[in-house]
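Notes follow once the structure below has been shown.
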Amino acid sequence: MAFRKKSTKNPPVLSHEFILQNHADLVACVGMFFVLGLMFEGTAEASIVFITLQHSVPFPAAAERATESKFLYYYGIKDLATVFFYMLVAIIIHATIQEYVLDKINRRMQFPKAKQSKFNESGQFSVFYLVSCIWGTFILISENCLSDPTLLWRAHPHNMMTFQMKFFYISQLAYWFHAFPELYFQRIKKQDIPRQLVYIGLHLFHIAGAYLLYLNHLGLVLLMMHYFVELLSHICDLCYFSDEKYQKEFSLWAIVFILGRLVTLIVSVVTVGFHLAGGQNRNPDALGGNVNVLAAKIAVLSSSCTIQAYITWNLFNVQLQRWMEEDTTLQAPVVKKKRTKGRSSRKGTENGVATSNRVDSPHKRKEKSS
């Protein structure tokens, strides 16, 4: 996607170009419609469904002496409205970063059109992965998942989640859903759309699966490892766009990438194995979040292995393309040098013959005269 140039002519209202240039403002107006609904008594209840988390249950913080109680959450149909509202927020944030950060860098660096779309993609994902890693790590520390890893398979109650855990998953779903309209807003090329759809769909499938199966802690740990590796990948891409000499550092990132995939598989196998080995339930209740059965174990492990294999295959393809580009760039100047040498040698021989003829011509004249 090339950065948008400001034109003096205003496009017609509600035209294709008008929507692309002002989509952030239009989406902000829709979001303000829900926020203003909180000001009126008749629409406040409907607006709250979109803005705040729903499906909460009071839960005592400690024993009966506790004066305060906290709320635990489960998922429900009203979560779709909340995901929709925060999807609008994600579109506004995306447009803000694009206009005030990435477009200015594009103008300063003067990237060619081929690199502009890749630079914008890496810049957007770098911000998202960085914020998600910091936020997810804070949740893991606050819920003692790092100090007590057994919480990954013995979290209690199994069909509830805290406010920060649910809000994290709602935000993740909203971000990846917002990526679908961004394919239109950012003018993604048609040949790149299938790759983007697969990338977005895989993230939505696994995040929604962890959310609906109440594998919240396991999903959060796996997401943090995946996001950290992806963050390093996009940072390397940004460094490469700024200066191509950093391309040799990709080998270090490839090692971290492979180690991250191996650790993800190990954590998945260990967590699911211990979680289901602790007591397999013969009467599972999928609606209640109790899916401690063999079928769930096979589904989770097969899904995790499939996504890791797919991402690793994509890494090999991208690396092969970069190696081919390096070979073409290195061979091009060599061929030019060989051609210039050939031409210069031919010119040298022609000049030598011409000078020899010029030198020999007087002797030949003397021989003829004698």
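For all residues, glycine too, the Cβ spot is worked out from N, Cα and C.
Annotated features in TrEMBL:
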{"type": "COMPBIAS", "residues": "335-346", "note": "compositional bias 'Basic residues'"}
{"type": "DOMAIN", "residues": "117-326", "note": "domain 'TLC'"}
{"type": "REGION", "residues": "334-370", "note": "region 'Disordered'"}
{"type": "TRANSMEM", "residues": "83-102", "note": "transmembrane segment"}
{"type": "TRANSMEM", "residues": "123-141", "note": "transmembrane segment"}
{"type": "TRANSMEM", "residues": "167-185", "note": "transmembrane segment"}
{"type": "TRANSMEM", "residues": "197-214", "note": "transmembrane segment"}
{"type": "TRANSMEM", "residues": "252-274", "note": "transmembrane segment"}
Going along the chain, which residues at least six beyond the ends of the transmembrane segment (167-185) come within the CB cut-off of under 8 Å?
20, 23, 53, 79, 82-91, 94-95, 128, 132, 135-136, 139, 161, 193, 196-197, 200, 203-204, 207-208, 210-211, 216, 219-220, 223
If you average pLDDT over the domain 'TLC' (117-326), what do you get?
81
